[in-house]
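Colleague: Pasting the feature list from Swiss-Prot:
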- Glu92: active site, proton acceptor (ACT_SITE)
- Cys337: active site, S-methylcysteine intermediate (ACT_SITE)
- Gly162, Glu163, Ser194, Ser216, Leu217, His218, Asn294: S-adenosyl-L-methionine binding site (BINDING)
- Cys105-Cys337: disulfide bond (DISULFID)
- 98-327: domain 'Radical SAM core' (DOMAIN)
Amino acid sequence: MNKKNLLSFNQNALNDFFVGLGEKPYRTKQIMQWIYKDHEFDFEKMLNFSKSLRDELSKVVCVELLRVVKQNFILDGVIKWVLALDKNNHIEMIYIPEKNRGTLCISSQVGCGLACTFCSTGMQGFNKNLTTAEIIAQVLIASRYLNSKTKRISNVVFMGMGEPLLNEHAVYNACDLLLDDLAFGLSRRKVTISTSGVVPAMLRMSERTPVSLAVSLHASDDHLRNELVPINQKYSLEELLKACKVYLQAGTQKRHILFEYVMLKGVNDSIEHANKLVKLLKGISAKINLIPFNSFEKTQYQTSSAQTIEKFQNILYHQGIRTMTRRTRGEDIGGACGQLAGKVLDKTKRTYDRRH
């Protein structure tokens, strides 16, 4: 009998589960305390449950994390974990500490099927969607370790391996737990889903979860974005920006969208590109994150110079667009933006296509 992993259950699902066992719904609060606050996963040690309930839980459900294959550290506090789903598939996550916050960057898929040309994950191909349990296991592994070091996770971003909006059900259930005070208790502004532009899912997102939205933009016209972000061939910039406006109008609180823009030398970093970007985002509550390109094996791209990035940023800033340049961290352990690769049994055969 395959046991269900309780990490896949949000609060409502846990209520239904316990009622199905003939228990009162208050058991949900008790077990969430054990799992998410006390980091206790052994039912036999949950002594506010009767022996018969502990035995029943052991028969039908489990609490299983992922196996930590490797944990890398660098001097400025960045940590990268490599986690095994099975012998063929590994995922990666990154913890980035800053003065007033600690951000955990987690994965939503094994590999990625979107093939963005500047991204190491996209070059690996795709194997599978992660389950809610596999997503939440990442956060539990990190929080359990960081708590022992008196560090904290204040922000969670779906910016690791995979396209979150091609795994909606699991990602939204995970967001329920990230926001739930009985689990991780993060605010909606502290959880961010980053998409390359899966427009139908973007239109559904506001109906399902109130978390923040980031868009991997990287170009200011369809011709260039078709090349850099191939999903643009299916959903154009016009469609993408319409979906962004729907998201902004749906919230009861004032929102903005974070647009991510990787800086590629001689590709998308000219003054003309900056001016076109200003025009493109006119009328949208936007914040732009300029990302120096992080190199990986066999890439055709180089990063823009610091002077070019500064000039680009100044153009946006003087046109009233909030703009920041991401500090590159974790590059020496393959943990910088666009470098997460893990280990993927590629079902798309993209790695084969690149070799032949």
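Heads up, the Cβ atoms here are built off N, Cα and C, so glycines get one too.
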Colleague: Quick check on the binding-site residues: of Ser194, Ser216, Asn294, whose CB has the lowest count of neighbouring CB atoms inside 10 Å?
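Modeller: Per-residue Cβ counts within 10 Å for the binding-site residues Ser194, Ser216, Asn294 bottom out at Ser194.
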Colleague: What is the Cβ neighbour count of Cys105 (disulfide bond) at a 10 Å cut-off, with all protein chains included?
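Modeller: The answer is 25 other Cβ atoms.
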Colleague: Would you measure the largest Cα separation among Gly162, Glu163, Ser194, Ser216, Leu217, His218, Asn294 for the S-adenosyl-L-methionine site and round it to whole Å?
Modeller: 19
Colleague: In whole Å, how far is Cys105 (disulfide bond) from the residue listed as 'active site, proton acceptor' when you measure between their Cα atoms?
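Modeller: With the alpha carbons as reference points, the distance is 9 Å.
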Colleague: Reported as an integer number of Å, what is the Cα distance between Cys105 (disulfide bond) and Ser194 (S-adenosyl-L-methionine binding site)?
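Modeller: About 11 Å separate the Cα atoms of these two residues.
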